[in-house]
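The domain 'Cyanate lyase C-terminal' annotation in TrEMBL covers C:93-160. Annotation source TrEMBL lists active site at C:Arg106, C:Glu109, C:Ser132.
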Protein chains: 10
Amino acid sequence: MATQPPRLASYDDSTLPNLPSHTKTLFDAKTAQNLTFEQIAHHLNRSEVAVAAIFYGQATASPEDVDKLSSLLNIPRDSLAAQLLSGFPDRGRAGPMPPVEPLIYRLYEIVQNYGYAFKAVMNEKFGDGIMSAICFNSKVEKEVDEAGAEWVVITLRGKW
Amino acid sequence: MATQPPRLASYDDSTLPNLPSHTKTLFDAKTAQNLTFEQIAHHLNRSEVAVAAIFYGQATASPEDVDKLSSLLNIPRDSLAAQLLSGFPDRGRAGPMPPVEPLIYRLYEIVQNYGYAFKAVMNEKFGDGIMSAICFNSKVEKEVDEAGAEWVVITLRGKW
Amino acid sequence: MATQPPRLASYDDSTLPNLPSHTKTLFDAKTAQNLTFEQIAHHLNRSEVAVAAIFYGQATASPEDVDKLSSLLNIPRDSLAAQLLSGFPDRGRAGPMPPVEPLIYRLYEIVQNYGYAFKAVMNEKFGDGIMSAICFNSKVEKEVDEAGAEWVVITLRGKW
Amino acid sequence: MATQPPRLASYDDSTLPNLPSHTKTLFDAKTAQNLTFEQIAHHLNRSEVAVAAIFYGQATASPEDVDKLSSLLNIPRDSLAAQLLSGFPDRGRAGPMPPVEPLIYRLYEIVQNYGYAFKAVMNEKFGDGIMSAICFNSKVEKEVDEAGAEWVVITLRGKW
Amino acid sequence: MATQPPRLASYDDSTLPNLPSHTKTLFDAKTAQNLTFEQIAHHLNRSEVAVAAIFYGQATASPEDVDKLSSLLNIPRDSLAAQLLSGFPDRGRAGPMPPVEPLIYRLYEIVQNYGYAFKAVMNEKFGDGIMSAICFNSKVEKEVDEAGAEWVVITLRGKW
Amino acid sequence: MATQPPRLASYDDSTLPNLPSHTKTLFDAKTAQNLTFEQIAHHLNRSEVAVAAIFYGQATASPEDVDKLSSLLNIPRDSLAAQLLSGFPDRGRAGPMPPVEPLIYRLYEIVQNYGYAFKAVMNEKFGDGIMSAICFNSKVEKEVDEAGAEWVVITLRGKW
Amino acid sequence: MATQPPRLASYDDSTLPNLPSHTKTLFDAKTAQNLTFEQIAHHLNRSEVAVAAIFYGQATASPEDVDKLSSLLNIPRDSLAAQLLSGFPDRGRAGPMPPVEPLIYRLYEIVQNYGYAFKAVMNEKFGDGIMSAICFNSKVEKEVDEAGAEWVVITLRGKW
Amino acid sequence: MATQPPRLASYDDSTLPNLPSHTKTLFDAKTAQNLTFEQIAHHLNRSEVAVAAIFYGQATASPEDVDKLSSLLNIPRDSLAAQLLSGFPDRGRAGPMPPVEPLIYRLYEIVQNYGYAFKAVMNEKFGDGIMSAICFNSKVEKEVDEAGAEWVVITLRGKW
Amino acid sequence: MATQPPRLASYDDSTLPNLPSHTKTLFDAKTAQNLTFEQIAHHLNRSEVAVAAIFYGQATASPEDVDKLSSLLNIPRDSLAAQLLSGFPDRGRAGPMPPVEPLIYRLYEIVQNYGYAFKAVMNEKFGDGIMSAICFNSKVEKEVDEAGAEWVVITLRGKW
Amino acid sequence: MATQPPRLASYDDSTLPNLPSHTKTLFDAKTAQNLTFEQIAHHLNRSEVAVAAIFYGQATASPEDVDKLSSLLNIPRDSLAAQLLSGFPDRGRAGPMPPVEPLIYRLYEIVQNYGYAFKAVMNEKFGDGIMSAICFNSKVEKEVDEAGAEWVVITLRGKW
């Protein structure tokens, strides 16, 4: 399978009606340019999660992001700006809750099972208050343990 | 407020019907002994989140955990073992979903908004597959940025 | 970023099926004319929230409003009147409840958490009764505290 | 009806299972002492809404609040502290959503109908971001218009 | 069946947890005194529906209502006043929605089927606005048509 | 505003997918002919609510109704008959339940709050049984009280 | 297994909170007297389904039914009358919908799958209208086909 | 009204997206041929309910059924076979549950109210087990009682 | 950990209100006798899943099962028979759906993801029809692959 | 019926909006080539369930699968690869939960009724942990018992 190009994330046709129109524009260009989120993130100097969140309409792109996306993905700057820089994100509509996608469900399950545990520990560490889900960044990393097994490490960092 | 003892996490009476009986036992003892999860976690040599998850019935305590909890919290070892070592956790019942508790809702909102972004990045990094929510550990840390603001850093680490 | 034009609120394509046809007409014209709600509200001599509510089909425009919107936004008066002055608003369909949009969710959360507190205080102040959500007006203001932090001040004013 | 004492807010027996145990303690004492929230708020130097929120378990009381509530309501300080100062609020559980209580439903309806209008105006005024529902305060005032009609004025003030 | 006493409305044990404590007090006394709502309403000079609504905790009793109910139903005035005159109604909790009770479901079905028809007719008659469900009264009457069939006539009268 | 024509009820584009095709046909013609439901009802010798219910697909039109609607609204008789006289009403699909439209919600709220009160009074008046929501008619009237305030009077009349 | 007494229907402890108090009284006496619904129905001269519906609080017992149940089941007449003849049935609360009980789910599934087929056939046979679920009776019979297989035959008979 | 052709069941445009494509084909032909389900059922020698269930995609047509439907309804045999004989029914999608259509709701209400009564009687007659909703047939008949009132008699017959 | 007794399945206190009373009786005795389901199943000559299903009230015990359970678990035969042999199982109430318990959720997820795949394969193999979930048995086995990893093998066998 | 070709599984038009675009491509080709899943599975050397899962977008096809599907089903390799090898499955969207399709509901019912029984047996056999629904395979087999009745045997095999 060595000659196989890396498989790239894309959209499923049936989810497009829930997503902003730029999602299709961006993913089609990403596929055409054969770029991973890692490569795009490196070019934009942002985290991969933030870039993917822009693709799905969950985060705001800055004018600089639009410039870089436009040149990297070969999308006319004006049409991309019209899609990404007008209006504000209308977040939270990408998929159903509870999630039916198993991988996303696992994250939901972590909240369901460990939610009160996280709260108890955070309250003791920070007092009464809240962790922001907006003033927030995150990253995904890969770890390989000594047995060769892969682990996903997600870091969520939110202002208190 | 210097003489104020640190405020400890506890349970709300109205949530007890959804929780196993050992939740009350453990929290009452923790309050009586005036211990934080950090102190208990240190004594058990486990993460704070794991310890809190045992309190809420989401994780299994080992016999060693029971020995240490029994001595630290001054609960008779036999009665604690009967509560913690018989049966298996019946997870996921601690609170409603979607969460009504604002702090837990923020974690839910992260899944709602960033779920597809996490999936896309993980798929490109690991291929098709899933991150385990069971073969899983996590921790909560406090960061203070240069402006003095506190940030919560949650690390979720799950086997792929 | 000084040369950046102010970012204007607009609609997300995927929400249009839930909104009356005039929502698209009005927002497209607002974007083309590069006008903020503040500017339109000033022209109509109404509150910004009321103007935005007309855009989203939640409030009735008066014939005067239509005249002014038509000239300001450069939309033929007859076609705008056909959209805005025939029929009556069919309210409440703009988005899902509970809201998935984080900013709107925060308002929902205020009702969820403080609902009974508001009721208790209103009942003691006004007796048994109700605050109208229809014979109602509201405004949004910006405050900057001495530390330079911005605060949103929303005022809801409803007949008892 | 002049000799009628003012009617005081209290709890409905059937809602107690959803509320923390201190709700009953505090309301029973408030009724026995025949105090309005306005009187208590004045004594605590906090807003009436904040005081009612403490009663319903939605806000944290400070040790000073506990001291003052204890003396004003004639509740032993230790037992009140045990209820109010141990643990952290487990918010959002006071009533069902959507609200079935008509007065609270009106607030919900405002979010349902005007949510997108508020978001559009706030986004244009503040940019992309969010209004905090936690770093937040609010008040309820009474206005009487020239026709003698009473109006409720609710002010919500949240950090952006 | 002539010697059969008229059958009186009462509560079902399994619904009591959703109702205020005075519901049981009032219905038990009504049954003991063998009184219909018609008789009680006549004594209080209020509509039958209003009286039943007081029983179910949906309407506020005035001090005069309490005096009359106390003497008619033979309930000590003080204990009745404590139940009926402290606090304010916490409405809307009597039963589930959609209703499972067939008779109540029929009313719900009328709203489901004719809701838009009522709205259209009211809007043309009154303009944009709303009919109050709070500043509101209603009555139930019996009609017998020429064929001897009984008809229920419900009149809902709400302020616009 | 004296020269303003009376505002007529119509449909909202975004609700059409839930309604039968004749809803659009009839409302478009009604708007073109500039007729109120009162005028149409007078012509058909039926109640306004019944006529509106035909428009929304909740009631069956008789062949006579079709003849009269055809001539009054200037719709070819055959095409109208094909829409109105073939098939049977598929009721209950006009809008969501619970209603999000505030005016319709008020009717729903009456059922939620007063449902058991209506049932208790009807049961005492009629015995065990049910009021038909099908063998049923209704009307909407306007009352003006001595203070000049408008009241809506809805009469629901169903066979027992 | 010949000496095995016939197995009798009874209640499950965990369902009692949803049922009127007479359900327990009647089933306990039925078990003690070792009677089938067939035997009780024969004694009361009503259908088995009607008798079971009385047990579950879905149908009204007549005074004659109470007399006969009292003597057959050996329950004091007065206490039984107090439970069965006061108040009116509060129907529809016996179990959740959709049903989780497989046998009841099968009936639900028939409605889900064949509902529109039943409606189409009934409309063509009876015109527009409705089948009463209240002015209604039903029976359950057993058929054995030539292959020895048992078939349930349920007959639902409702007034149009 | 004697010259009025009998009114035939058909589909409502707004329900077609939930139904297989053959539903439209068959009903359009049925209307064009002016045939009742009774006539079609007679021609196919099946029950009317089974025929209607084929129309709504809830039952499988045999090749013989397709032959007869093709000739009776004047639909080319090949195109009908392609629609009816390829694939297998994907049942249960015709309408929402709980049903909003009043006639179908009445059947649902029978299950809701009498479900446990049916179960109790069936269990006593047949033992523990289940009635099949698949190995199942049913019919609808009309009865006229001595007073001239029409009754619907539905017979459900399922294998135990 | 060699001296550790094997950990036995039991119930969680907070789930008991949803379960029949015999669940507690049986599990308490099983724990006291320190028996696994494998041991009990061997004694009863039934599958482990069937035995566990009896414990949870999902399956009927035969009189022979009761005899053997009584002697093995040391429960008086009469009291056990009263719990297990009177009435019929009221199935499906053990836990919420969708399941919140992660292990049970995985089974639910298999249905969610593979449901149509199973249906397509079964339909091609068996034609139109259904697999019984009642005339059904199942077993759970452990497999260890060459890499030493454990696999669960669940076999579901239902009559077509 | 011997000359009847075997009936093949296909899609229902009304479900396509929930499925990826390749579902239609693959099923149309399968029908055109008149192939069963058994034949395709044999050609791909995978289980029938896995092949059907690829058709419904629940499983990933390998490049080898695409080569073989392309030649067997006569679909251009490039267009099939674009549909099947770009992106990753977005699982769980094929149908509603709870399932309305009776055959799929039976699998759901097994989880609902036997979920806790499976969990108890698995926990005793494997300890605390979880069976993977992703690292998972399954098969469907047909058994005929001595009485000639057909049984479905589903084997679910998941990593612990």
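In case you wondered, yes, glycine gets a Cβ from its N, Cα and C as well.
From a predicted model like this one, the values you see are computed outputs, not experimental measurements.
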Neighbouring C-beta atoms (10 Å sphere around the C-beta of C:Glu109 (active site)) = 24
Taken over the domain 'Cyanate lyase C-terminal' (C:93-160), the predicted model's pLDDT averages 90
Rounded Cα distance in angstrom between C:Ser132 (active site) and C:Glu109 (active site) is 20
In DSSP terms, helix, strand or coil for C:Ser132 (active site)?
-> coil
For C:Ser132 (active site), list the number of other Cβ atoms lying within 10 Å of its Cβ atom.
-> 20
Other CB atoms within 10 A, centred on C:Arg106 (active site) = 24
How many of the residues that make up the domain 'Cyanate lyase C-terminal' (C:93-160) does DSSP mark as helix, as strand and as coil?
-> 25 helix, 19 strand, 24 coil
